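Per TrEMBL, these features apply:
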{"type": "DOMAIN", "residues": "264-413", "note": "domain 'O-antigen ligase-related'"}
{"type": "TRANSMEM", "residues": "36-53", "note": "transmembrane segment"}
{"type": "TRANSMEM", "residues": "73-94", "note": "transmembrane segment"}
{"type": "TRANSMEM", "residues": "115-135", "note": "transmembrane segment"}
{"type": "TRANSMEM", "residues": "147-167", "note": "transmembrane segment"}
{"type": "TRANSMEM", "residues": "179-199", "note": "transmembrane segment"}
{"type": "TRANSMEM", "residues": "231-250", "note": "transmembrane segment"}
{"type": "TRANSMEM", "residues": "257-273", "note": "transmembrane segment"}
{"type": "TRANSMEM", "residues": "279-295", "note": "transmembrane segment"}
{"type": "TRANSMEM", "residues": "307-325", "note": "transmembrane segment"}
{"type": "TRANSMEM", "residues": "400-420", "note": "transmembrane segment"}
{"type": "TRANSMEM", "residues": "441-459", "note": "transmembrane segment"}
{"type": "TRANSMEM", "residues": "465-482", "note": "transmembrane segment"}
Amino acid sequence: MTSLWIKNKVSRQQLEFLLTVLAALFVVRLYNRSPLLISTGLLLSACALPFFVKKPEFVIVVIAAALPFRDVHIVSLLYMKRAMIWAAFAYILLQGLGKRFQYGITRNLSLFTKFTAFFFASLAASLVKTAAALGTTSLVTPTMLKATVLFFALRIIEEILLSYISYFSLNTTHHIRVLLNVMLMVSAVVALLGILQYYQGEAPPLLSFLFDPELRFYGRATSIFSNPNELGGFIVIMLSIALVSFMWRARNLWQRYFLYLPLIVLHVWVLILSFSRGAAVQLFLSVIVIAYLYYTKLSHKKWTWKSFLPLLLITAILVLAVNSYDLYMRTRLSSYQGNSLYQALYHTRAVSDSLRKNAALQAIQTFVEHPLSGIGYDLFWGTRTVGFFSLSPHNQFLKILAEMGLLGFIPFLGMLIVTMRSGLSVLKQPAELRPGKDEQIVMLTLLSGMCSAVSGYLFVDSLAVIEIAGGLWILAGAIFALERNIGHSQTSSDAESMLLPAMVRPGIGK
């Protein structure tokens with residue numbers, strides 16, 4: 001009787017996801033007791049997974065579920081997620097050599113690939129400049145250069161490879177829906193961990209292995225990330241997806257009010273507890289993008305001042321609330337740092353904010369002095385802000401301009417623009433070629449998540465943080481995949497409509 005109830009209430013995908021999460025928790029707990037044995041098993045499993053399962057859509061879902069969490073270090077440069085990404089990409093290359101792909105490369109993905117190649121070449125040239133700076137200052141050491149090349153730069157390459165893994169793995173709209181739901185479920189777990197951490201004042205004892213061991217809690221929720229701004233940036237991306245899902249993607253009332261609404265509540269709750277001001281502005285920009293895309297592309301209405309009034313109201317509410325939000329955050333910080341409220345406010349406004357502003361101005365000045373190729377990847381913090389270790393402009397675009405110049409900024413921006421153009425091309429099709437409502441809503445969901453991630457780059461330089469940026473490139477690959485799937489279905493429908501008159505001619509089809 002119980003098994004019949006489970007079969008009726010729980011889908012196979014949900015059951016597989018639950019079992020995967022439980023297995024992952026079990027393995028990580030064992031890892032603390034026997035690291036060598038579990039590391040070897042994880043490495044072999046990660047490399048064999050794409051070849052053994054032979055279901056790329058399952059592999060990309062597993063990677064997406066694992067991305068936000070701390071990586072498991074195996075040996076030297078080998079990490080669990082890194083092994084999974086390269087194994088999945090190797091599987092795709094072997095499939096391509098065997099010409100087993102169901103679909104080819106679209107025109108937009110081809111243009112994306114050209115920009116990617118240009119960006120990788122610029123990154124390599126920038127790393128050469130970084131290597132040339134070795135020994136010119138005490139901050140640029142062989143250890144720093146090794147970390148820059150083998151961890152940060154290589155991580156960016158691995159993130160972009162996720163776009164291709166996602167593209168060649170998601171062959172149906174159903175696969176994309178499953179991917180989005182899994183990403184939402186994982187982010188709900190991340191949000192719940194952040195809430196528990198905030199109210200307990202520390203990492204939950206039984207789940208402490210999921211948290212950064214070097215982090216000292218100081219009154220702001222960080223969850224499994226190393227700082228609250230990373231948590232805020234990650235949560236806003238998932239919150240944008242949850243908002244679109246609640247408004248338009250829910251198939252029934254149960255999904256809307258018992259799945260997506262609780263997800264929204266969890267995400268908003270932990271976003272407030274992170275006290276990330278950049279994430280709050282990022283959320284506002286995301287709401288504007290979602291409203292604009294739905295109103296003009298799906299409803300096909302003109303954007304008027306009347307339709308803009310609700311957004312103006314939301315803006316006014318945010319402006320009125322920001323001072324209280326900031327004051328409460330500083331009050332809580334002062335209780336953890338042992339300072340008075342006045343000292344906490346002074347530290348934030350006269351020191352922290354001032355340093356960020358100074359770093360942004362220094363980044364612009366650096367770009368003006370080295371407009372073509374920048375000063376070298378990962379060198380900005382050491383050469384322009386001496387005395388403030390690891391201080392950044394908190395803006396990914398400024399960081400690229402300062403370190404890679406226009407040769408790095410133009411292809412990076414081109415990659416983002418081509419991806420968004422790919423998604424918008426589906427929503428802007430004429431009525432006779434427009435895909436079904438379901439496909440349009442899924443594309444709106446993907447675009448909302450990606451636009452939210454891109455807007456986050458205005459407040460944090462997280463391109464080399466795969467836990468956050470990896471989701472952006474998975475969504476990018478899903479956008480290209482959905483555009484391809486819709487185009488293929490339209491081509492098939494046109495072919496069938498051309499064959500149909502021939503089937504009814506005398507002597508044919510009898």
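Glycine is treated like the rest: Cβ placed from N, Cα and C.
Predicted, not measured: the structure shown is a model, and the values here were computed from it.
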Counting Cβ pairs closer than 8 Å to the transmembrane segment (115-135), the top stretch among 147-167, 179-199, 231-250, 400-420, 465-482 is 400-420
Most Cβ pairs under 8 Å with the transmembrane segment (231-250), selected from 179-199, 257-273, 400-420, 465-482 | 257-273
Taking contact to mean three or more C-beta pairs under 8 angstroms, with sequence separation of 6 or more, is the transmembrane segment (147-167) in contact with the transmembrane segment (257-273)?
-> no
In the same chain, who gets a Cβ under 8 Å from the transmembrane segment (400-420) while lying at least 6 residues past its ends?
-> 108, 111-112, 115-116, 118-119, 122-123, 125-126, 160, 362-364, 366-367, 370-380, 384, 393, 447, 450-451, 454, 463, 476, 479-480
